[in-house]
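Per Swiss-Prot, the features are:
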type	residues	note
BINDING	68, 101, 164	Zn(2+) 1 binding site
ACT_SITE	70	active site
BINDING	101, 136, 350	Zn(2+) 2 binding site
ACT_SITE	135	active site, proton acceptor
């Protein structure tokens, strides 16, 4: 069977067991290909994370492909129908960890760039790649550190296409033009431990905190807007007690998360949480962690270039969306770049037997190449 350039490169990348934060030569494989067509290669290692900044051209505007070579752990190997790091094609589907999220997109980006450069060796502006091996993990030494480095030397990205698997039912039907912000908190409520038979000698933090937690759950934080759904508040963990049935716990720990729209700020959310907790008279400590600001790329050059390319290649009228979790776009957008996420179908990401339709790989490559044509030819 003759494999297309994109499928062949996908297979090579999928054979690398690059579980976060280990890159396992994926970036070297990509860099070798890019260097042959005139990209300046700049590896950037921070801590235990490998990052790649590759650029062809010295002028603006800068079009950047962004993505990650790391994958999530496989889960139980005996639950897979084939070795997750020995990619297999069965019934027109390519199976392997990272097939959807997001090594096939990385392959498509490289091949699209090779083809575009062959046709337009003197293209305007610059093409760049920002690739990390720590998107699925803590995301501390990955894209955010590369962006810090670029900002220090005033190297700006104009347009950024992140190859995250954005599609839902067919290739290109959904493009992410923004993401909600993500704000995490760990709340510790202080009570007084005691015997369940003598509640008057103790203070039960579960009982004391319950009305406040109920109010937090029922609060309408905002109503969203035309781009974002309403802000959501979700409790993810509650811990209290010694495990014994006759002991009132002394402390309660609650972990919760906000996925928030551009209608509120993280500071406003924090303030309202404190007001509710204080109103209920709780003795508490709270530790906040802002893992991503919301961002939005309005309709403009990048959105138009992507929508036109998708329509030309697939005939699909694409829909803009800001749903889903966070991505590394949250680190790139604050620099002023227009950011879009466009990739294969996301139905099996992070799952056992993760796979992608083989027949989507070449059209994705064509879409990426045509976006380059629309912006830099």
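Quick reminder: no glycine exception, Cβ is built from N, Cα and C everywhere.
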Given the binding-site residues 101, 136, the candidate whose Cβ has the fewest other Cβ atoms within 10 Å is 136
Between residue 350 (Zn(2+) 2 binding site) and residue 68 (Zn(2+) 1 binding site): CA-CA distance (Å): 14
How many neighbouring Cβ atoms, not counting its own, are there within 10 Å of the Cβ of residue 70 (active site)? 26
Sorted by position, what residues of the same chain at least six away from residue 350 (Zn(2+) 2 binding site) have a C-beta under 8 A from it? 72, 101
Among 68, 135, the one of these recorded positions whose Cβ has the fewest neighbouring Cβ atoms within 10 Å: 135
So residue 164 (Zn(2+) 1 binding site), by the Cβ count within 10 Å over all chains shown, scores 27
C-alpha of residue 135 (active site, proton acceptor) to C-alpha of residue 164 (Zn(2+) 1 binding site): distance in Å? 11
Neighbours of the Zn(2+) 1 site 68, 101, 164: Cβ within 8 Å of the Cβ centroid, same chain, sequence order. 67, 102, 105, 135, 136, 162, 163, 165, 327, 343, 349
